[in-house]
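K.L.:
Supplied in structure tokens, the structure appears directly below.
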Amino acid sequence: MERTLIKDLGQKVGEKAFIQGSVSVRRDQGKMVFFDFRDRSGSVQGVVLPKSEAIETAKEVRSEYVVSAEGTVNKRPDKNVNLDVQNGDIELEVHSINILSKAEIPFELGSDVNLDTYLDHLPFTLRSEKSKNIFKIQATIAEAFREAMRGRDFIEFQTPSIVGGDAEGGAAAFKVDYYYDQKAFLATSPQLYKQMMAGVFERVFTVCKIFRGEKHATTRHLSEAVCMDFEMTFIKDHTDVMNMLEHVMKHIVAKVIEKHGDTLQNMGVEMLLVPEKFPVLKLREAQEILGVSQSEPDLEPEHERALWEWAKKEHNSDFVFVTHFPLSKRPFYTYEDEEDRGYTKYFDLLFRGLEINSGGQRVHDYRELVERIKGKGLDPEKFSFYLEAFKVGMPPHGGSSTGLERMTARLLDLHNVKEATLFPRDLNRIDSLLSTDEK
Ligand code: ATP
Ligand code: MG
């Protein structure tokens, strides 16, 4: 018999059906055995009657056994109907059951365990409803990002992960043991390639891995993260980039609500506040609101959280842009505001109290860029490959980078970005127990 997905069983009342999946729970009630079966489409209650041929096997089955089962789809008696759950008005009266794989589980799936235990058992814990929902929603975020970009005529490109040098100066880059004693690193950002590609296609985006040797254990840093980057040319200034990013964010939020509205509600996620225009503050204005010194070059995590409170109260917004960070603390390609010397046409986008994106206008003039590289005490010769893109003519341009895990975590109110990362890498964790470790 052909497999029926569990979500479709309701259309087969009175008929026979064959399902495949896992057993979430087994309950013995007198001589009858009840199961909750689940597959990728949902779950259903099954019942094995004492006279059924399946009863012996049914008693053997434990939580998480992988089984196939054949039975008749019945309407539940009125008193047992539960309209709050999927398939709450039907049950499968099981005639035969076949164990495809036995299971030995460390604890019940979905148990409230601490983060370390959760991470130690990822091949198992990722199967819980909560985890599946997090990563389904994350897939929608990435898909909606791509959709928004393509809709605005951006072309997707693949950026290298192994690079010969580091855009940000080397401190956070992982060195790679590469061929022939060549110097190589894992990319900390697609930044320089993204700019070169903007020179080729005008509008580009990439969804890629970045690798950073973050030395401190925080709830927002991973050593391997996914970023959603774009770069666009012929801009008037950074505000064109901000407007594009705002469009992208609105599209992502709308898609997530459209596809996962019920899940968000079940997860207890607060309604997202997305105003027509996201509020914008210069760093110095933000510092004034927060009552912190304007000599600080950046915001601390607690300041970012406080700005969320401000944005909610004053603008009914979960998003807030902070612009004009001091030039001295930003990378060499950062564009200085001619009308606000010493400060940059750069921004961070904070979402629910956390930086999820940075971007801005870049320096596009070859000579100026060479000067800026020198100004940082770096040797322009070492950037000549990148600089060639500017030597051969580069339009005014800018772009931004969104951290996928951070965005997912804040959207779903997860405390630690690792909860929004399938297999997080950090100071202590790299899944060493899946290899022979021979070298
Ligand atoms: P932070 O100051 O919070 O360390 P950053 O300013 O160094 O972040 P950017 O270089 O601006 O980070 O990177 C762009 C985006 O990529 C960030 O806004 C963030 O969402 C994400 N990101 C950067 N580094 C990490 C990381 N180590 N782990 C997770 N996400 C990251
Ligand atoms: Mg940043």
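Cβ atoms are placed via backbone N, Cα and C, with glycine included.
If you look up TrEMBL, you'll see Glu168, Arg212, Ser358, Arg362 marked as L-aspartate binding site. Here TrEMBL flags Arg212, Gly213, Glu214, Arg220, His221, Leu222, Glu355, Gly403, Leu404, Glu405, Arg406 as ATP binding site. For 136-424, the entry in TrEMBL reads domain 'Aminoacyl-transfer RNA synthetases class-II family profile'. According to TrEMBL, the region 'Aspartate' annotation covers 191-194.
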K.L.:
What does DSSP give as the helix, strand and coil breakdown of the region 'Aspartate' (191-194)?
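P.N.:
Across the region 'Aspartate' (191-194), DSSP assigns the residues as follows: 4 helix, 0 strand, 0 coil.
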K.L.:
Tell me the Cβ contacts of Arg212 (L-aspartate binding site) under 8 Å, same chain only and six or more apart in sequence, or just say none.
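P.N.:
Arg212 (L-aspartate binding site) has long-range Cβ partners Ala172, Ala173, Thr188, His221, Leu222, Ser223, Ala225.
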K.L.:
Compare all C-alpha positions of Arg212, Gly213, Glu214, Arg220, His221, Leu222, Glu355, Gly403, Leu404, Glu405, Arg406, the record's ATP binders, and send over the largest distance in angstrom.
P.N.:
19
K.L.:
Under a threshold of 6 Å between Cβ and any atom of ligand 2, which of the binding-site residues Arg212, Glu214, Arg362, Leu404, Arg406 are retained?
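P.N.:
Result: none.
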K.L.:
Where Glu355 (ATP binding site) and Arg362 (L-aspartate binding site) are concerned, what is their Cα separation in Å, rounded?
P.N.:
20
K.L.:
Using a 10 Å cut-off between Cα atoms, which of these binding-site residues sit near Ser358 (L-aspartate binding site): Glu214, Leu404, Arg406?
P.N.:
none
K.L.:
What binding-site residues among Glu214, Arg362, Leu404 have a C-beta sitting less than 6 Å from any atom of ligand 1?
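P.N.:
Close enough to ligand 1 are Glu214.
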K.L.:
Sorry to bug you, but what's the C-alpha spacing from Glu214 (ATP binding site) to Arg362 (L-aspartate binding site), rounded to the closest Å?
P.N.:
25
